[in-house]
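Noted in TrEMBL for the protein shown:
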ACT_SITE  K38  active site, proton acceptor
ACT_SITE  Y263  active site, proton acceptor
BINDING   R136, M310  substrate binding site
DOMAIN    242-367  domain 'Alanine racemase C-terminal'
MOD_RES   K38  N6-(pyridoxal phosphate)lysine
Amino acid sequence: METNYRPTKAIVDLSAIDYNIKKLIERIDGARMMAVVKADAYGHGVLEISRQALKSGASILAVATPDEALHLRKNDIEAELLVMGAAPVRFIKEAIKHDINLTAYSMEWLESAAEELKKETVPLKVHLKFDTGMRRIGLQPEEADAAFDFVVQQVFRVEGMYTHFATADEADNPLFLKQVETVNAIKKKWQGGPLMFHVSNSAAAILHPELAFDAVRTGISIYGIAPSAYVKREMPFDLKQAMSLETEIIHVKKVKKGETLSYGATYTCSEDEWIGTLPIGYADGLIRGLQGQEVLVRGRRMPIVGRICMDQCMIRLPEKFPTGENVQLLGSQKDAVILIEEWAEKLDTIPYEIPCILTKRVPRQYIGI
Ligand SMILES: *Cc1c(COP(=O)(O)O)cnc(C)c1O
């Protein structure tokens, strides 16, 4: 049975994901890739992206929450799996049962986890996370000795050690170098046996392959989006944006000079204008701030005019177009392209936010490979 009768959909090109991952793996020269698939793979659809990422050469998956990890396990994804965010210690039982690595991010967490582990017979696999400058979660550098002593005495199996950069996507930020120095010093103190040492997000993996160590945690770049304008300029290779967003014109009419359209009547036609209606609105993630953003029809740019409604919006056409005409809101059409970065700039935000705000009402369709 057809479950989506609306032409609005997000198309995810798995061959772009494959291309980006292979380029990144080449770049990090022997280190392992953790594909970061948190937040439904940055809005791209976690199961399809995870399966593709593993096929393309990633060997570990990283998510933000315990529930995201369980979702992967319940869908038969058996790869090595790390929860990077805080997991409550009552999740430990499930983590052991499903072989999920958790992040040990404070002495307090380690102590309550150790208490919880008294009920278990199998050790809990953890990655020790150090806060070297992000100030979000992580053991403080001065807690390293105490944490190392503690974990070797208890029923933890330390699989990895990591930190997260605050400014890896900028040019020459002194905090970045300081974080590298701090984490290296911590690593040298560790005597507890082999572990996976990983520090790099996409920006660091791309700009500083010498810091790839045992693994990198790449998110945004596998989706073909540069972490920042600076990284994009410095990139030694191109990324391919995997996501496009498309719909069709569902209604066309001529609106007379001086007449207004949409809520608030904020747009007045300065001449007789052909206006097309698109079945996509802010409940799909085409948020109201995108009023004025251009879309592609027949490879030409046309603006969204008037206020964006919950389920629909209007665009100004240069001439009469038939209904059913394909409209590309993100992605390419003929020689023209609208990148996620363009929306981010229009909305005065970072590209990361864009695929995440496309709501569940927009079905994801997969092409390529
Ligand atoms: C989200 C996240 C990443 C991925 O960062 P990108 O910039 O998307 O590559 C890596 N590490 C941690 C701890 C994260 O939270």
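Any Cβ shown, glycine's included, is placed from N, Cα and C.
Please treat TrEMBL annotations as automatic predictions, because they have not gone through curation.
Positions of the features from TrEMBL, shown on the structure.
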| residue | record | DSSP (3 states) |
| --- | --- | --- |
| K38 | active site, proton acceptor | helix |
| R136 | substrate binding site | coil |
| Y263 | active site, proton acceptor | helix |
| M310 | substrate binding site | coil |
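Each of the recorded positions K38, R136 was assessed for Cβ neighbours inside 10 Å, and the highest tally belongs to K38.
Around the Cβ of M310 (substrate binding site), 12 further Cβ atoms fall within 10 Å across all displayed protein chains. Taking CA atoms as the reference points, Y263 (active site, proton acceptor) and M310 (substrate binding site) are 11 Å apart. Its own atom aside, the Cβ of Y263 (active site, proton acceptor) has 11 Cβ atoms within 10 angstroms in the protein chains shown. Taken residue by residue, the domain 'Alanine racemase C-terminal' (242-367) breaks down under DSSP into 21 helix, 51 strand, 54 coil. Mean pLDDT for the domain 'Alanine racemase C-terminal' (242-367) in the predicted structure: 98.
Separation of the C-alpha atoms of M310 (substrate binding site) and K38 (active site, proton acceptor): 27 Å, rounded to the nearest whole number.
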